[in-house]
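*Asks:* Structure provided below as structure tokens; questions to follow.
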Amino acid sequence: MPNNRSGRPRDDRIDSAVRQATVDILNEVGYANLTLEAVASKAGTSKPALRRRWASRRHLVVDALVATVGATPTPDTGCTHCDLVAGIQTLTDAFTTRIGRRALPALVADLADDPELAELFLDKYFHTRRASTAEALRRGVERGDLNPDVDVDLVLDMLASTTYYRVLFGHLPVTPRLAEQVVDVVLTGVATPRLRRRRHRAL
């Protein structure tokens, strides 16, 4: 995030221009090829000005993504299935947009040696989505759509992990219907009534 150093007052217009330039360049060339020189040139400022405001390239990218892309909350439509699909779709969208494909996997990997910044990014960019979807699950319990003893964290991991797995390994595409398919499987399961009866007797 931006440095809070003493001195002349910050110019918010420069901050905004730099953030937008960062996002534009991420869309054009990806995270690995983004340079402070290119950002400064596109924003109409200088590399020293960027250095005064952000501690590193990673700090700049995290700040730009959080400020300009942000996180979309899971809606409350009164329909548990609809809300969960919409919530997981925001995660899918985050990775399947051009900037998601070109920037997020590389950025997350690069943040591995900066736990504090990584936690800040995850908290602002991903955990906000997670908390919002957790609320959708709790509303589902209150409506009687979900079991009252549902493990919210486990279900959240199950809902999101397919997107993460496909983005990380690239063995299958993140399709437009993936969010709905995952929610359907998690909510209804894949076991036949016969298997469920056998498991129930075994318990």
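Numbering starts at 1 and runs along the chain as it is shown here.
For all residues, glycine too, the Cβ spot is worked out from N, Cα and C.
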*Asks:* Pick from 35-54, 115-134, 175-194: which range does TrEMBL record as DNA-binding region?
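*Replies:* It is 35-54 that TrEMBL annotates as DNA-binding region.
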*Asks:* To what whole number does the mean pLDDT across the DNA-binding region (35-54) round?
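*Replies:* Computed over the DNA-binding region (35-54), the mean pLDDT is 97 on the 0 to 100 scale.
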